[in-house]
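Annotated features in Swiss-Prot:
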type	residues	note
ACT_SITE	Asp72	active site, proton acceptor
ACT_SITE	Asp141	active site, for ring-opening step
ACT_SITE	His143	active site, proton acceptor
ACT_SITE	Glu148	active site, for ring-opening step
SITE	Ser151	site 'Part of the allosteric site'
SITE	Arg158	site 'Part of the allosteric site'
SITE	Lys160	site 'Part of the allosteric site'
SITE	Thr161	site 'Part of the allosteric site'
SITE	Tyr254	site 'Part of the allosteric site'
Amino acid sequence: MRLIPLHNVDQVAKWSARYIVDRINQFQPTEARPFVLGLPTGGTPLKTYEALIELYKAGEVSFKHVVTFNMDEYVGLPKEHPESYHSFMYKNFFDHVDIQEKNINILNGNTEDHDAECQRYEEKIKSYGKIHLFMGGVGVDGHIAFNEPASSLSSRTRIKTLTEDTLIANSRFFDNDVNKVPKYALTIGVGTLLDAEEVMILVTGYNKAQALQAAVEGSINHLWTVTALQMHRRAIIVCDEPATQELKVKTVKYFTELEASAIRSVK
């Protein structure tokens, strides 16, 4: 596992956006051979999306031959709802770049058969071979996507009941009313994420420090689903200084020295 300990949120955004752009450009995608990118929602990746849009506008990358798969979507929330993840992605990213509509994949939380929708999503991913790079965030309790604590570390895309902690955390998007937050979501599984060729997780803020400590220094544990990254061959965690507060000093020192060139690449 790589850990890139940066100073602040802006550096995390710039570094992660540049990493994605470099991966796309190295791949040299075409219509017949697209680059497949996994994407998250939430507050953490917002600045990364802003940085990606800036790089696109500067002519440094095209998303025309990039296929995207989002991590999750609420059940029962119309696509047009301002807090649906469909709305989030178009507002904060898709509407600002040259991605083709046909290449955008987001789970549909309004079908009559959720299991069939989840199976369809898995098969759609497999039809492209694999996801080349999956970017994600992490919850305060260490969850990735909506794989809440005690999720199977080999799980696939499925419907999940959201925990009280997640409902409370997400209520800030629903007028701070926990009763307005959907109780269920469709989400990729931990196993689905681990199938990606490369996984990059963004961790920012003091409130994510325990999750980062579990991911880097803890043992693999289904109560902290982020720890599953330890089993991945090409996992990267990009974090800011506040998120490292629970890590041992020698751990931060080790990765700071190991990733010195990567850290110097962003200002």
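For all residues, glycine too, the Cβ spot is worked out from N, Cα and C.
These numbers come from a predicted model, not from an experiment.
If you count neighbouring Cβ atoms within 10 Å for each of the recorded positions His143, Arg158, Lys160, the highest count belongs to His143. Asp72 (active site, proton acceptor) falls within a strand when secondary structure is assigned with DSSP. The CA atom of Glu148 (active site, for ring-opening step) is located 8 Å away from the CA atom of Asp141 (active site, for ring-opening step). Cα of Arg158 (site 'Part of the allosteric site') to Cα of Asp141 (active site, for ring-opening step): a distance of 20 Å. In this structure, of the recorded sites Ser151, Thr161, the smallest number of CB atoms within 10 A of the CB marks Thr161. Distances between the Cα of Asp72 (active site, proton acceptor) and those of the recorded sites Ser151, Lys160, Thr161 are shortest for Lys160.
Proximity to Tyr254 (site 'Part of the allosteric site'), judged by a C-alpha distance within 10 Å, picks out none of the recorded positions Asp141, His143, Ser151, Lys160, Thr161. In terms of Cα spacing, the recorded sites Ser151, Lys160, Thr161 that come within 10 Å of His143 (active site, proton acceptor) are Ser151.
Cα to Cα, Lys160 (site 'Part of the allosteric site') and Ser151 (site 'Part of the allosteric site') are separated by 9 Å. Between the active-site residues Asp72, Asp141, the minimum number of other C-beta atoms within 10 Å of a residue's C-beta occurs at Asp141. According to its DSSP assignment, Tyr254 (site 'Part of the allosteric site') is helical.
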